[in-house]
């Protein structure tokens, strides 16, 4: 019969050791809660950390960029600028379109921001042009966020106008109603319309003007209330034939009489069914199409939104004619799922490797089963907490769990190893479990809370980076806490039931061989440690050297922000000369498409020409290149981009700018390349002076590539210089001149055709086929006060000038954005420093301000806070350790292990050619928590030996190092193997995971080798310092 130890032994573990059924059921409950939580958790690429962003679009066909800025954008900006919680406001005013992007503070709910935007639009309504065809429309979407899904709609039998009409009414509206969808954009949208193309010569010959025609059309097509008749016995609603629905009806419209004979619209104009805007076009591969881009709302889950769309698509396509084909060209969730699947596989690999290393050290199947149960239980239990915290299964939380594999097994290893040591000494399993668990309990608590202390500063990181890593830090902390609970409850209980002297002594050939190997390693370590303790100052100099080396490596290592991911989608901008027309740009775009589609890595291509919410001018085109899956192509995205740019360089007259889409989008506007730098001034004249000078210098920097600017001030303008005196004598106002020009050349929307399903426009313009270019202005006629017809040329001169193709604002002031990429042999930190140095050489005036934007600005912010973040982690851990050990000295001994980890991590990153980015920095912070475990295990046992066995400090630390050598080696290798799958990852999203693994593996290897020798030396030096300090105080007291 087994004699139980006294009830004072076992500590907090005693209750669970003595009640195995209750402990087992408790663990089953944790397991079930975790499984249920896993099934309930949403899946995403990264934590949802989007800024609340709203885009406001206003269309005013025919308006110049200058008119759009002053008449539409500026009044709206003044109202938006008064909203609380607004972080940044940017706008782009181009020909016929104003796009304002409003980015709010992270703390402001999107719904609240939406209400403020609507109120601001309402307040600005009276300030906007009275002939604005439609009021401003807002969407809860970030325009820089790539579409979650792109669909192409084509037809072999129907014109694009009919296809667009069906897609808009039957498909796009339904998709827009799906939860999480922020905006559905129809690129190349050929909306049906009745186009009236006036024959200038015909109306002039009849003494008519375009304004006469416009007035006749608007008066003939109305749709207003008419009332009803309410008699004694019945009510009658009034109706009339006041609507004209077809081109034929408009063709027969009488617009005037001459000599008693009617003049019909068809006599002076070509009237046809056409497109509302003839300067829009989109293509899927080489076929003209309606391209439907679906963007999510900020904060919406991509996976669930895309799944809802795919579930609805079959039902929607069934309502379309058979000649209409809907093709899904890209779906970002495909790569997101693949990335998450790869990370989950790496998590399983980490668990398998950790269990393998445990068996290698323990050489005992029962002893291996215990942590083999504890590790998955700790990780699975974390899912239950993640549900309550509203987290998701994403790359960062899965990376946290993968790293946690090496952490959580440490607690189990420490407990098992200590209990096994007592069983091998002859203790009964139950007594050994109670004694071993009680002895190691404080160490487990110290390890747990000191490691969590390292993660605390991550929770206080500001802005979007802090939000991004909050889920990572909390997930890891929860896994560590659950591991500590499991290690103090389930693990000792299983040890008491599964371990025995017979099982621990049972050895096979492998066990005996490995035991001899470990004995030789420990003996060699003991001899080496004895020599090191005899030369403390030499060892201390090595420790100080690692500190100095870590600082030097930190200064010189290339620095970045976020790893560039290969998500299989490339966004592109095609740029042509500023005077390019729509037809010219469409032709150039098709030439480029032919080149791109020949690349073996390209699966499909969508392209768009025209002015809309993301494309500012007719001389640019927008591209989306969808690559084949990663396992079906030989090269990663950066090599594909380089190859495509080289191929397109052979196409004359165009510049192509490409960038891979990323899961993390911080920018608020679609840019040509990955990084942005802005110049802001109080006037456009100041920008026109300084932008070319800065561009010239930046294009010469080797640290930058693909440098471009959105400053386009060479757009051709035909300036109509009216002689106001002559016009006034004839009774012609400037409003008459503007109306005549707008009627002729503005694709003016003059009337609306109402149907049961949609509304369509009547478009008025001059037929300029026979009078191209500036000659068309000679055909303009105006009506004088006496009813005569006056040629525009008689009161005005035409001057050719240059003007901006688009006018951009940032927080209401003119701005230009310079975009750039970083070559492979340089880092983002190099590029940022080069730009800052170049800016200083220009001596910019005080009214010019510069600032990095988007991810570059976030990089600067993260880089500035990194050192403080690490310092905060060290201070937090010092405070926790000081509280736990009730000592000012021992925490310093433990923290002395940190420089070795930093040296190892930085060296590994440099050897691997990886930048010190945000992911790598998180790895270094985690190393701070890992490597101090070695010192904690040594110091705990040394202090116990001094206190309980009366050993000298040197004997105590020497014995502690030898006794704890095996668990130290086991825990370090477990942590290393937990990070190894991340370091070796090659699948989708590997770019995101690899820096974390590289830094941790490098840091663990170097720290493992050095801290086994430096920690005991520093422990003894601080012990001598403490004795010297005490003796000095004692001497002063005696003298007093």
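Cβ atoms here come from the backbone N, Cα and C positions, even for glycine.
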Range annotated as transmembrane segment in Swiss-Prot, from 347-367, 494-514, 515-535: 347-367
Annotated range (Swiss-Prot: transmembrane segment) out of 842-862, 863-883: 863-883
Proximity of the transmembrane segment (537-557) to the transmembrane segment (347-367), 3+ C-beta pairs under 8 angstroms: no
Chain residues outside the transmembrane segment (440-460) and at least six past its termini with a C-beta under 8 angstroms from it: 11-13, 407, 410-411, 414-415, 418, 466, 469-470, 472-474, 476-477, 480-481, 483-484, 487-488, 869, 872-873, 876-877, 879-881, 884-885, 894, 922, 925-926, 928-930, 932-933, 936-937, 940
Long-range neighbours of the transmembrane segment (911-931), counting only residues six or more past its ends (CB under 8 A): 403, 406-407, 450-451, 453-455, 457-458, 465, 469, 472, 476, 554, 557-563, 827-829, 862, 866, 869-870, 873-874, 877, 897-898, 900-902, 904-905, 972, 975, 979, 992-1000, 1002-1004, 1007, 1011
Cβ contacts the transmembrane segment (347-367)/the transmembrane segment (472-492), at least three under 8 Å, sequence gap 6 or more: no
Same-chain residues near the transmembrane segment (888-908), Cβ under 8 Å, at least 6 residues beyond its ends: 450, 543, 546-547, 549-550, 553-554, 557, 874, 877-878, 881-882, 916, 920, 923-924, 927-928, 930-932, 934-936, 939, 943, 998-1007, 1010-1011, 1014-1015, 1018-1019, 1022, 1025-1026
Residues of the parent chain within Cβ reach of the transmembrane segment (863-883), under 8 Å, 6 or more residues beyond its termini: 446, 449-450, 453-458, 460-462, 559, 829, 890-892, 894-895, 898, 921, 924-925, 928-929, 932, 936
For the transmembrane segment (968-988): best-contacting stretch of 16-36, 369-389, 472-492, 998-1018, by Cβ pairs under 8 Å: 998-1018
Residue numbers, six or more beyond the limits of the transmembrane segment (396-416), whose CB comes under 8 Å of its CB atoms: 46-47, 340, 343-344, 346-347, 350-351, 354, 358, 362, 367, 370-371, 374-375, 378-379, 382, 386, 436-437, 440, 443-444, 447-448, 451, 468-469, 471-473, 475-476, 479-480, 482-484, 486-488, 491-492, 495, 499, 926, 929-930, 933, 937, 967, 970-971, 974-979, 981-982, 992-993, 996, 1000
